[in-house]
Amino acid sequence: MKKMILVLFSVLLMLSIVAAGCGSGSNTVSVYTAFPEQEVIVYLEAFKEETGIEVKHVRLSAGETLARIKAESSNPQASVWFGGPSDTFVAAANDGLLEAYQPEGVSNIPEQFRDVKKVWTPIYVGALGFASNSEWLEKEGLEPPQSWADLLKPEYAGNVTMAHPASSGTAYSIFATLVQLKGEQEALDYFLQLDENIRQYTKSGSAPAKQAGFGETGVGISFAHDILKPKHEGYPITLSFPTDGTGYEVGAVALIKGGPSDQAENAKKFIDWAISKQAQDLYADSGSFRLPVNPEAKVPEGAVKLSDLSVIDYDAVWAGENRDDLLDKFESYVVGKESVVE
Amino acid sequence: MANTNTTPSTNKIETNGSRQLKRMKMLIKEPYLLAIIIIIFVSLFVFSIYPIYQVFKITVVNDEGLLDLSLIVETFTSSFFLKTLWNSIQLGILSAIFGTIIGFIFAYAVTRTEMKGKKFFNLVALLPIISPPFVIALSVILLFGRNGIISNGLFGFDDSNVYGLRSLVFIQTLGFFPIAYLNLKGVLEAIDSSVEDAALNLGASRWKVFRTITLPLAVPGILSSLLLVFIKAIEDFGNPMVIAGEYQTLAVQAYLQITGMYDLRAGSFYAVALLLPSLTAYFIQKYWINKKSYVTVTGKPTQARMKINEKHIVLPLFIFCGLITGAVLLIYGTVLWGAFVKVWGVDNTLTLDNFKYTFTLGFDSVQNSLLLSALSTPITAILGMIIAFLIIRKQFIGKKLMEASSMLAFAVPGTVIGIGYILAFNQKPLLLTGTALILIIAFTFRNITVGIEAGTNSLRQVDPSIEEASTNLGASSFTTFRKISLPLMKSALFSGLVYSFVRSMTSISAVIFLISVNWNLLTVTILSQVEDASLGAAAAYCIILIVIILIVIGLLEFFVNYLSSSKRRSYR
């Protein structure tokens, strides 16, 4: 039995070590982030170097973060939500989960990206693009698609992949872009035609780009930074943009309502820093290919500026408000047709 | 494991009333026992039942706090939901059948024959249990996909399609047959071999012995294996998310409703809907087992059994096990390969960059996973042993309830537990979110069934008269448990420790909602690497995870052997 007691003691000892590790001073700020791990480390280190404030972070996808903040609302665990598409921030703001804060220097950011309700702050922009597998293009003797209309061509049959709008924010942006571009009925007709060429509707929004990298599909539709990531990793991907108009996502940062009170000042400092030139310059260094919203910041090499693209005036608020309605139509018109055929 | 042999009721003759009275008296005489029973009930209620209740609640109560059944009505009548439900059931049934058949053949070959390489087969069969999320699906894409090493490289198929039900069943079978194998191995080992040997001596053929004795006696084990594989196959969202294509399953929908559509209520509903097939399967299994008695264990030592050595039986078994083992090794070899090449599947230059990268990213999550799993493992095992002892050996009111509620957190999908915990423990007085404690508790209560099953299986093989003798000589229940029962459960303790440690280290669906800024875990790190397309780093982390688990299993084995050998010395 002495051994049993020994075991118990070592368990207790370990528990006390755990408890000791829990203490956190007020010189920290806790952050939920949707940025990839290797990317966010660059930003957080830079912030610490500049301000001396320690950042603790968890990497969660935007949807996971929203679910977390909602469930934790009576006792929020983090004070800043850093990165992720603005539509999740709009949803969170509508649920009263965010604290309105506009940092110094926000007026430098182009008006079209900013939150009209002044709750969240934009930090980056990324446009929708096409990821083509370079080897596949070469083998088939094809050019990368240059427009939405190109995707309907018979040579792409069975080789176009996008996520399903009902499961992915990215795919919903694609759908909403086409609706804003062509009008509702024409957009639905377009997707009905496109369905003939679709290889697969994936579940996550960045999967089409990865599949193009693997050669699982010829062309994947994703956000440019999701496409450039696997390309940067070494996968054979050619990136192109639709010349007949493309939508974009705005990445955001915001204060979480009721976050740890001893971090309140640090959290504001963090958001102030996030739109500063120094912080925005980091997109170029971290290999992320996001486009800075601060006009003074440098644009990552290899990334394409929004001003060089044919970008539509994407209305994120309208897209958010009409989401349920549009999705119903998509399912009954485009995917519903499929199940009838089955 | 849910090997649910029925307890032979010892006091059938007594009337119901006097039995109840006797139980009450016994409890009052032993305040220790009573206190422990109450503590266990309270903790099961708080950490298993209450969180699940919270998830149920959120599906029927709307944002304004009013009762609202429209979500349920709407979803249940939608054809999409019904199709998804059916898909999950179909996937579960197919995986359960294939997984159990493979598991049974493995277990039979290992326990009943003189086949060569048994140790090796046993080891490889354990590999998929230590598999982190997504790994098998990714390997399958890289092996059999359009650009796959085998499909395109070896056979030159240009347009192979790995997405859909077929691949999914293949993956879930390969991933979960080890559960059936472990379960059935225990059952087959427990069947008294003298019965089989007797039949053989009386002139029955090997086939007849198998058909009329071994197989019928293994039925409870087969049914519980079917159940376990079924539940695991339908609750997993990692592999289906990567490879299911347009084949929707409930677990994936639950995850995507929350993470892709930001709809916590609908997600909770899909997660709760998973309970439907799980519970149905559970009750069918209970019903079938309760109809017959399968108790054969006498507790007396048996002679060495006559193992099968006939070539025409051993050779096909060997080939079969070899093929399955080959498939497992192929999958994990691909992961190993992926960890050491520049770009998995594209640039095959060997490199250590992926490991260097995991070092720069930090080992915090590795440390956390290890520490928290190591803390919860002994708690799980000992608590499990105590509950097993209470259920098998003691009579008290609410015994069935204790058994059922301890199963609950194991049987429900991880997503339900994760959401339930965050809803239940986010306010005073039980403010646990963001702490290490919530993860330890989640590990413990999700794995406790493992400890209980290991304990009950071994206690059933121990003659209760030894314990009765101890009690008659004046020892309290507590002393009897400590000095007699616990030492006798040592081997079960070991398997309980190993399995709950492994389950803690590799769990993802529950903990993804419970990790926090201070306490991030390794599996969640792997998941984010996969999401960011850094497959090399993900593979490297997987290898680190597998190595850690193998080291810990080795240490545990050494530790338990050391404990039991020194114990034996002190008895002499």
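Placement of Cβ uses the backbone N, Cα and C atoms for every residue, glycine included.
Annotated by TrEMBL as transmembrane segment, the relevant range among B:209-231, B:232-254 is B:209-231. Only residues 6 or more beyond the boundaries of the transmembrane segment (B:370-392), in the same chain, are considered here, and those with a CB under 8 A from a CB of the stretch are 7, 36-37, 40, 399, 402-403, 406, 436, 439-441, 443-444, 447-456, 459-460, 481, 485-486, 489, 492-493, 496-497, 500-501, 504-505, 519, 521, 548, 552. Tertiary neighbourhood of the transmembrane segment (B:32-53): same-chain residues 383, 386-387, 390, 394, 396, 398, 401-402, 405-406, 408-409, 412, 416-417, 420-421, 423-425, 430, 441, 444-445, 476-478, selected by CB-CB distance under 8 Å and a gap of 6+ residues from either end.
Same-chain residues lying 6+ beyond the ends of the transmembrane segment (B:123-144) with a Cβ under 8 Å from its Cβ atoms: 106, 150-151, 160, 162, 167, 170-171, 174-179, 181-182, 238-243, 324-325, 328-332, 334-335, 338, 344-345, 499, 502, 505-506, 508, 522-523, 526-527, 530, 535, 538-539, 541-542, 545-546, 549-550.
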